[in-house]
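Marked as region 'Disordered' by Swiss-Prot: 40-74, 87-115, 428-448. As annotated by Swiss-Prot, compositional bias 'Low complexity' applies to 95-108. If you look up Swiss-Prot, you'll see Ser117, Ser118, Ser325, Ser432 marked as phosphoserine. The domain 'Septin-type G' annotation in Swiss-Prot covers 141-414. Swiss-Prot lists 151-158 with the feature region 'G1 motif', giving sequence analysis as the kind of evidence. Marked as GTP binding site by Swiss-Prot on the basis of similarity to another entry: 151-158, Thr185, 290-298, Gly348, Arg363. Residues or ranges marked as region 'G3 motif' in Swiss-Prot (evidence: sequence analysis): 208-211. The region 'G4 motif' annotation in Swiss-Prot covers 289-292 and rests on sequence analysis. The phosphothreonine feature in Swiss-Prot is assigned to Thr434; the stated evidence is similarity to another entry. Taken from Swiss-Prot, the feature coiled coil applies to 446-478.
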Amino acid sequence: MDRSLGWQGSSVPEDRTEAGIKRFLEDTTDDGELSKFVKDFSGNESCHPPEAKTWASRPQVLEPRPQAPDLYDDDLEFRPPSWPQSADNQQYFCAPAPLSPSARPRSPWGKLDPYDSSEDDKEYVGFATLPNQVHRKSVKKGFDFTLMVAGESGLGKSTLVNSLFLTDLYRDRKLLGAEERIMQTVEITKHAVDIEEKGVRLRLTIVDTPGFGDAVNNTECWKPVAEYIDQQFEQYFRDESGLNRKNIQDNRVHCCLYFISPFGHGLRPLDVEFMKALHQRVNIVPILAKADTLTPPEVDRKKRKIREEIEHFGIKIYQFPDCDSDEDEDFKLQDQALKESIPFAVIGSNTVVEARGRRVRGRLYPWGIVEVENPGHCDFVKLRTMLVRTHMQDLKDVTRETHYENYRAQCIQSMTRLVVKERNRNKLTRESGTDFPIPAVPPGTDPETEKLIREKDEELRRMQEILHKIQKQMKETY
């Protein structure tokens, strides 16, 4: 059979092609003839044999390779694997495929699902699931958050807390009369409640300070509040330094909402002293209470005045963290709006009223309705967004990394100084030969008392040295 007949679309016989190739292999061939031959030859489809075209167009079907007589029929553990083989007996080997997207566990992260990666499956390792593991463990453990509210009575602290978390923490509260409040001192009360939302549990602790600023003489009325914060730091420090550190209950105060009266022209001296006494211990968020008693221009002037006085007196309130460069633009705008809203002008209400065909929480007045969750009426929504949705974890981080670490460093320095003093006293006692040790300065002593004790210690040390010299002279004489 003539092979040239099997070359479909061929206009050049095989003998002519072979003769042309032999002729161009000679040195006498010029470039013009070579170019013409290459042009004719490149457009010819006869350069591919029909067997090659048929094999390329045939789909690759994986068939099991025929096995030799199996010597391991009785033992499945040592049976060799059966490798696939193509139809033309051309052997090849394939590595086991990685975990396919359909076989991977699903994630509750939605669009941020690290499993749904556009990369090739061969590049998938699995450490992208670490956020899911942390998320699952954190949700199972739950979260703790301690919020302190401070300010004068009657500024709506309890109402605002109930409005923020949609709870009633003060249902059993007893209001004192005027005579009972005359001799009232600042007390610290705690209200704990467990809140669950979409499977996430939050152990919320509200620390209230009834009696603050209600007396005629409010000198150092913030001391009980500062002592309470230090006590929680001390308790956590002891638990952290103990042997059993697995289940440590975190009662540290993560945020303090300080309520400022809307009446007046700015901060009062009590407000300044309170915030200056606590700004190194807790995150302070100033709140302009009862904003419905002010007109919008008055609210703006009041806010501007409070911010100026906070900067003038060197008060360090909670600072919002800077947004990363890869943050969403909407989040950046929201964060900027929160920064500009300090102090938050809020209105609290647990009463549901009807406004324009809707049932909303607000306050009903003869001239209209003030809606608590209306951004045009107050900053309640912004405060809730900052406190619960966007910056709750940052408040806890600042408490742990800044305020608690400062307290912990002070405790370690105090303990180190006491140890050094005790060693020096023991060394002096051994050298002097006396049996009565010099007492140490008790912790928590005020500076004047500590200075007096130190002077007495120096005087006693000089007396011991004189006594030691006299004893030495008497031994040498006799």
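Placement of Cβ uses the backbone N, Cα and C atoms for every residue, glycine included.
Values in this document were obtained by computation on a predicted structure and should not be read as measured data.
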Cβ-Cβ neighbours of Lys157 (GTP binding site) (radius 10 Å): 25
Candidate with the highest Cβ count within 10 Å, taken from the binding-site residues Gly154, Pro296, Gly348: Gly348
Cα distance (Å, whole number) from Ser325 (phosphoserine) to Gly151 (GTP binding site): 38
The region 'G4 motif' (289-292): DSSP-derived helix, strand, coil residue counts: 2 helix, 0 strand, 2 coil
Site of maximum Cβ density within 10 Å, from recorded positions Gly151, Lys290, Thr293, Ser325: Gly151
For the region 'G1 motif' (151-158), the number of residues DSSP places in helix, strand and coil: 2 helix, 0 strand, 6 coil
Assigned conformation of Pro296 (GTP binding site) - DSSP reduced to three states: helix
Per-region confidence, the domain 'Septin-type G' (141-414) (mean pLDDT, whole number): 85
Rounded to the nearest Å - Cα separation of Thr293 (GTP binding site) and Ser325 (phosphoserine): 40
Separation of alpha carbons, Ser325 (phosphoserine) and Gly348 (GTP binding site) (Å): 36
Residues in the region 'G3 motif' (208-211) grouped by DSSP into helix, strand and remaining coil: 0 helix, 1 strand, 3 coil
